[in-house]
């Protein structure tokens, strides 16, 4: 299979119609025509084999993850995903593998109204880069720097599952089969909280997605907003079955790869946030409070302070 | 050196002011505010160590190339470069290396008014992905599909130098020292023809950058435009010294990595194109004609047909 056949058959042929896309895949660049009154949000994520995924991963799972981690960035801004470019390095072009990868990629893209408008293909070690673009009304995007003292701290979905599955892969723990199945699903098929994020545009102050670990990612909000927070670790949503493992706090607070949203909002928005959670079919949990004292204080349900050995993931530590 | 220190010190600190950038590096996404009446052009290129560059390349050369190949895509659309994201995978974060890389990257970006608005850093095998965005007035972007029968075929700069340097590296030929120096400079520091491309917006019909080899890249224009071309190989601009090597036609027609522009324009535009070449300090050469007969016919100065063994580069051939 040749590079250009691949591009023609699997990418060009599957472009949707989007009236803002003046020119899609197949030229030196794609052309989009922005809509007046909207801001464009841009984010890039690179995933490497052996680092972000096992290279024997199923192509459908890999495609899902490559796109979901980028959709999650749009969710964290409250942006509506619109366009993406995909750069791919693969050791070879196996047609069955490519077909499964593309089927999964376009299924997720279509579900979000996202159009692939360009990219690059090359032979090499497993590497995937997506640049995603989305839209919000001007000035409404959810930033990290907007948390206010007195805000509630919320988190979506459940934390720590992906990391627990990794620990099982590494033979550091052995999860029960049904628990492993749930954790592995969370690891392989993260659900970007796009609908929740869009709904939060007018409700939340600050937001961020949890990719490197809850504590570290919340800290980004705190630093950018020059505030602090107290978070109740026992209130952090996870699988109850994980709490029997001594590592559970580590997984939940610092595991990473969750792709949930952590966000802050005034207490007056609680009812609206719960209604949004129901509308967007996304669980949300109140886990703490923004404080004037800077720094992140983790406490347990008894009020004791919790100390983590690692706060999150640094790619070069 | 930690990931976040790197981002803060070398990337966030060096962002320019661009009033269209509402939010730069440091959140889940950057936010840009499009200007009314302009189209946005988007392109991505991934460069891998051992494939697109030698991993002992100087960081300043590497940074230049990573950005230049993307600027070249904007040049081919006639677009003004505006914003870019950069994803980087490196085996380690060596501070001197990173400083040299960033100095070179920002020097080239600044020279083109390009602002880095986001990206990703991770530990891994050498991989770089840039997504670049640029602007043109609505509807004016230079497409591949716009060549017309009777158009002149032009090419900028000189072809085949980068490939000749590679052949020397591979010990397939031995270039004289001064010739090698010129060829190596072309390979390491391609000059994206941005000013030429912008000037061609109102003069040329179709354009494309020469990255995979002149014949293959011109063929993309011909296929998209449903036309053919006759090109005189002896007229293709190169270093005269390369013509003593039996591979010269191969280098010039199919070498790739040239990052020149091939474009078509009506004969009535010749004078304006020569004036633009002078203004943009970019040599341009008339090399052929667009024909109604499809396919690309290469001839030499005596009118004999030239047959290439390879037409260009396919990453999976």
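Even glycines carry a Cβ here, placed using N, Cα and C.
These features come from TrEMBL:
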BINDING   A:28, A:73, A:209  Mg(2+) 3 binding site
BINDING   A:28, A:43, A:73  Mg(2+) 4 binding site
BINDING   A:44, A:45, A:120  Mg(2+) 1 binding site
BINDING   A:45, A:73  Mg(2+) 2 binding site
BINDING   A:52, A:257, A:313  substrate binding site
BINDING   A:119, A:120, A:144, A:211  ATP binding site
BINDING   A:212  Mg(2+) 5 binding site
DOMAIN    A:26-135  domain 'PurM-like N-terminal'
DOMAIN    A:148-299  domain 'PurM-like C-terminal'
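Sequence features, as recorded in TrEMBL, placed on the structure.
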| residue | record | Cβ within 10 Å |
| --- | --- | --- |
| A:28 | Mg(2+) 3 binding site | 28 |
| A:43 | Mg(2+) 4 binding site | 30 |
| A:44 | Mg(2+) 1 binding site | 27 |
| A:73 | Mg(2+) 3 binding site | 28 |
| A:119 | ATP binding site | 25 |
| A:120 | Mg(2+) 1 binding site | 23 |
| A:209 | Mg(2+) 3 binding site | 27 |
| A:211 | ATP binding site | 21 |
| A:212 | Mg(2+) 5 binding site | 22 |
| A:257 | substrate binding site | 21 |
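The C-beta environment of residue A:144 (ATP binding site), restricted to residues of the same chain at least 6 apart in sequence and closer than 8 Å, consists of A:206, A:207, A:208, A:220, A:221, A:224, A:225.
Around residue A:52 (substrate binding site), the same-chain residues at least 6 positions away in sequence with a Cβ under 8 Å from its Cβ are A:65.
The residues of the domain 'PurM-like N-terminal' (A:26-135), classed with DSSP into helix (H, G, I), strand (E, B) and coil, number 36 helix, 45 strand, 29 coil. Predicted-model confidence for the domain 'PurM-like N-terminal' (A:26-135) is 93, expressed as mean pLDDT. Contacting chain B by the Cβ rule (under 8 Å between Cβ atoms), the binding-site residues A:44, A:211, A:257 reduce to A:44. Rounded to a whole number, the C-alpha distance linking residue A:28 (Mg(2+) 3 binding site) with residue A:119 (ATP binding site) is 10 angstrom. Cβ neighbour count for residue A:45 (Mg(2+) 1 binding site) (all protein chains, 10 Å cutoff from its Cβ): 25. The residue listed as 'Mg(2+) 5 binding site' sits 13 Å from residue A:45 (Mg(2+) 1 binding site), taking the Cα positions as reference. In the three-state DSSP scheme, residue A:211 (ATP binding site) is classed as coil. In terms of C-alpha distance, the listed binding-site residues A:43, A:73, A:211 place A:43 closest to residue A:120 (Mg(2+) 1 binding site). Put simply, of the binding-site residues A:43, A:45, A:211, the one whose Cα is nearest the Cα of residue A:73 (Mg(2+) 3 binding site) is A:43. Not a single one of the binding-site residues A:119, A:209, A:211, A:257 has a C-alpha within 10 angstroms of the C-alpha of residue A:44 (Mg(2+) 1 binding site). Comparing residue A:43 (Mg(2+) 4 binding site) with residue A:209 (Mg(2+) 3 binding site), their Cα atoms are 12 Å apart once rounded. A coil conformation is recorded for residue A:257 (substrate binding site) in the three-state DSSP classification, outside any helix or strand.
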